[in-house]
Structures are given as C-alpha cells and as structure tokens.
Amino acid sequence: MNNPLLLSITNPVKLLKPSTIPYGLNLNTTINKKQQQLTKTIVLNSNTRSRTTTTFTSSLSLVRRRNNNGGGVTGGFDETEVCRRDQGNAVLLCALGYWVQGSRCFPWLALNFHMSHCLHLKPSTLQLVQYTAILPMVAKPLYGVLSDVLYIDGARRVPYISIGVLLQGLAWGSLAIFPGSREALPSLLGLALLSNLGASVTEVAQDALVAEYGLRYQMNGLQSYALMASAVGGILGNLLGGYCLVKTPPRILFLAFTALLSLQLTVSLSSKEESFGLARIRETSLKKQFNDLMGVIQGDEVSQPLTWIIASIAMVPLLSGSVFCYQTQVLNLDPWVIGMSKVIGQLMLLCLTVVYDRYLKKTLPMRPLVHIVQLLYALSLLFDYILVKQINVTLGISNKAFVLCFSSVAEILAQFKILPFSVLLANMCPGGCEGTITSFLASALCLSSIVSGFAGVGMANAIGVTCNNYANLPAGILMQSLAAMLPLWFIHYVPMSEPGFEREGKRGLSKRSRRNRRVGRVVGQEIFAYRRERDAEAQT
C-alpha cells in the first residue's frame, strides 16, 4: 500500500476560535495574559506545525473531523517532537504489516496447489475449503470493538497486531513442520482457519491504526497507500510463490512465510504505541461501542453505499475454484504461469491505486467511478469464457500468454472497487471508533465474499462441473457475468462524491446546514452528539 506516514502535513488543523478572540486576529500574535486565563487557545504555525496548550472548549467537537484532542483525551502529546522522533517506527510497522499481509498469497498459492495436486480435491470442494477458511474474518467487528475499548499494556493497536501475527506464525509453522497437519483435510482446514483468525485480528488493528493516524494528523486517504503496500507484497509473494513451487515442495513456502511473520512479530513487539502521538481515549463499555457503531451505519449516507458494495459482491456466484482446476488440470499450466498472472494483476492494482490517489479521487466523482469499475468487472469475467472456449487459441494467442495477461483482471477490479468505500467509511469514523467502523466494513465484505463463493459452489454442482467434466463451465461463466451487471440497476445508492474534509474546510459557515443535510440527519446528529458527550467526559 510510497509510504503513507512519510507524507508531510500540508493542511494545518482548522479549529473554531473562542469568542473572546476578535475575528481576523493573526494566529502568531501574542495573546495577553488575561485572555490566557479565560481560555487557552491552540497556536498553529503553518510553517513549523508547532502548537501549545491542550485545553479545548466544547464547541470544538462540532468540527466534522475529529479534533486533535481526540474527544476524551486523558493525556497530551507534543506532536512535533513525537513526529520527528518516532515517525520512523510507525512507518516501519505499518508498511511492513501491510506488505506482509499482501504477501499472504505466497503460502496460499502453495496451499491451493497442494490441495489440488496432492490431496486431489474436486473443484467444488477446493472452493468450499477456500471460502470456509475465511469465516474468522466475519467476526472482525468483535476484534475491532475489543481493539477500541480494551487496552493491553497501555496500548490498543500494536498488541493486537502482535497477537494476530503470532497466531499466523503458529498456523503456517505447523503446516510446514508436521506432515500430518497438511495431509488430512480436517487438520489442514483447522490451521487455515487459525491463520485467517490471526490475519483478521492483525488487519483490524492495522486498519484502525491507519484510520486513527490519518484523522489525528489530518491526512485524508491513507488507505490508498496501505493498499499500495499490500499490492507490492502481493507482487513479490506471487512472483516468488510461482517460481518456488516449480523448484520446491509447498512446505518450504510455508516455512519461509513463517520466517517472514517472525520478522513482523519482532518489529511489532519492539514498537511503542505511545510514541506515535495518538491520543489516549477514555475507556468505554462494549455496549456503548456497539451503540456508536449502529449510530454511524444507520444513516443513509453510510448504509446505502454499504448496501451497494455488499450486494455487488454477494450476488455474483464466483467460480474461482472451478477455473483454477481447469487451468491446472486441463490446460496443465504450471505454478509459474499462475503466479506470474497474479503478479501482473497486482501490478495493475498498484497502478490503479496510484492513479486513484493522484487523480481520480480529485477529478472523477465516486458514483461514475464505481459505475465504470463495476461495468469493467462484469465484462472482464468473460475472459474466463474466452479461455474455456479456447477462442484465444483461434485468435493465435496461447493459453499461457492469455492467462498471464487477462486471468487476474476481474480479481483486481473487484479489489480496487472496494477502495473508494474504504476511504468513505474511514472519513466518517468518530473518535475512538476507528477499529469498530473499519472492521465492520471488512467483516461485511468477507461475509459477502463467502456468500458469493458458496453460491458459486452451488451453481457449479447444479450445472454439473466436476474435475472430469467442464462442458457446462462456459454457461456458468456467462451467468456470473450477467449477475455482475445487476448492481448497476441501483447504482444511485452510491454517493456522488466522498466527504472530503479539505473541501469542507474551505466552505463558509453559512453552508453548514447544507453540509449537515449531505452528511445525513441521523449520522450527523449522532456523531456530533457523541463527540460533545466525550468532550464533556474529558472535562469532568
């Protein structure tokens, strides 16, 4: 997912001035001693980004983006000193974390080939195992709530990253060391579930850390850089995985990834969360955290785009297991070709993410962008139809070349489609709910993927696709493409634009009522009330 935390803070924090300060007063003007006793004011310098004092009035909670006090902060930090001294640790932790999580395709590629060639699983069984293994990710909201409200050794992000990495290391290490664990399907599935449990805990903590860091330092769209780091990990993981599978057995890849997880665990254990300059939020109850979550997602501005992205994934029956078995068992494509096709796909994802971050999110409204991506996704599913019907061979394109260039296009477009929604929801997070909100989105997406995968298994069985009979696979691919067109009928659920805080900062106070209507009466009122309540708690 260039590194997000290395970005300079280009936009100074905008806060409401107390009523005792005359309008138009220069922020660098010395405030007399009497005014300081009445109310302490943040002094911002646009060149050095330094600031003094930490007391806020309750009116500051009306600012849409969480202010630097964090709403209920129990301790203050010197932002300038912390950033200069410890930004490198945050950069290393986040960049390495997303890179390693993107590299999870490295052992999973080996596991898929192991199940297909060593265990000789049927296409439907292989796909069933793949999507059953991601069930722990459905519980991401629980991990997010725990990360938001339950501190471990004075921190609530880094310890959960360490726990998740440890669970992944135990799972892949067991698959590498114990032969019986990878030969019996029940034990293999159990360790795959453990691996994804650890991955989901790590991803929740990392996503929350990035969202909180972005809100803290006014960096909009850090999720783009996180996706870039993950894409780089996917490129290297698929490249090395495809090459190593030709030379070595899968267990060597499991062992190598375990060593990589050990490196990530070492870095996370040596990182101190308090050095990142993040505000410590007053502890709250699980019930209140769930109520805050419901308050955010019940408004139309969040519920409608969420409904669209979930439905657009769930209503498409995926045939990924059947297509994978067709490529490896019928076309006899070696692991290097499959791995390189994934590498090319991740390169495409990386380029798309850079273009989105630099240009698309500033020039193209969200709804037209999503409309175009969904249409391209539906059409790209037909590449599998061309491959199965061997139309590419008729046109003089070999199977290897076709798979390398076009096999991963649909998968990459499906991943890229999620990015605008991730940025949208991250920008709507109230203070202290970063883990809860981001994990809810991830959980909903995982659940929709499981529904899509199970629907694909049912369709493959219904049309009679087996390891010895792929005659009806083209018909299934056509139905899959048509299903991907259906979400375009209710594309109006997607907002025209993302709530950009930089744009909001430029609006005059006279436009606040229009902004409140855009945010949504329910969401806006509940978030603002939520922040006023937390500010009141902090002052008592």
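Here the Cβ of each residue, glycine as well, is placed from N, Cα and C on the backbone.
Small disclaimer: the values here were computed from a predicted structure and weren't measured.
Taken from TrEMBL, the feature transmembrane segment covers 225-246 (among others).
Non-local neighbours of the transmembrane segment (252-270) in the same chain are 92-93, 96-97, 100, 103-104, 106-107, 109-111, 158, 161-162, 165-166, 168-169, 172-173, 175-177, 182, 241, 244-245; each lies 6+ residues outside the stretch with a CB under 8 Å from one of its CB atoms. The annotation transmembrane segment is assigned in TrEMBL to 252-270 (among others).
Annotation comment: TrEMBL describes 306-324 (among others) as transmembrane segment. For the transmembrane segment (306-324), the list of distant contacts is 112, 116, 123-124, 126-128, 130, 297, 338, 370, 374, 384, 387-388, 414, 417-418, 421, 425, 441, 444-445, 447-449, 451-453, 455-460, 465, 470, 473, 476-477, 479-480, 483-484, 486-487, 490-491, 493-494: same-chain residues at least six beyond its ends, Cβ to Cβ under 8 Å.
Long-range contacts of the transmembrane segment (336-356) within its own chain (CB-CB distance under 8 A, at least 6 residues past either end) are made by residues 1, 102, 105, 109, 224, 227-228, 231-232, 234-235, 238-243, 245-246, 324, 327-328, 400, 403-405, 407-409, 411-412, 415-416, 419-420. Sequence annotations record features per position, and here TrEMBL assigns transmembrane segment to 336-356 (among others).
Look at TrEMBL and you will find 368-388 (among others) tagged as transmembrane segment. Within its own chain, the transmembrane segment (368-388) is flanked in space by residues 308, 312, 319, 323, 326-327, 331, 360, 399, 402-403, 406-407, 409-410, 413-414, 416-417, 420, 470, 473-474, 477-478, 480-482, 484-485, 487-488, 491, 494, which lie at least six positions past its ends and keep a Cβ under 8 Å from the stretch.
Per TrEMBL, the feature transmembrane segment maps to 400-425 (among others). If you look at the transmembrane segment (400-425), the same-chain residues 6 or more away from its ends with a CB under 8 A from one of its CBs are 220-221, 223-224, 227, 302, 305-306, 309, 312-313, 327, 331, 333, 337-338, 340-342, 344-346, 348-349, 352-353, 356, 361, 366, 369-370, 373-374, 376-377, 380-381, 383-384, 386-387, 392, 437-438, 441, 445, 495, 498-499.
Summarising the annotation, TrEMBL assigns transmembrane segment to 437-463 (among others).
Away from its own ends, the transmembrane segment (475-494) comes close to residues 304-305, 307-308, 311-312, 315-319, 322-323, 366-367, 370-371, 374-375, 377-379, 381-382, 384-385, 388, 456, 459-460, 463, 465 of its chain (Cβ-Cβ under 8 Å, at least six residues beyond either end). According to TrEMBL, the transmembrane segment annotation covers 475-494 (among others).
Here the transmembrane segment (225-246) has Cβ contacts under 8 Å with residues 1-4, 7, 94-95, 98-107, 109-110, 113, 206-207, 210, 252-253, 256, 334-340, 342-343, 346-347, 349-350, 353-354, 357, 415, 419 of the same chain, all six or more residues outside its ends. Non-local neighbours of the transmembrane segment (437-463) in the same chain are 123-124, 127-128, 130-132, 134-135, 137-141, 143-145, 147, 200, 203-204, 207-208, 211, 293, 296-297, 306, 309-311, 313-322, 418, 421-422, 425-426, 428-429, 472-473, 475-476, 479-480; each lies 6+ residues outside the stretch with a CB under 8 Å from one of its CB atoms.
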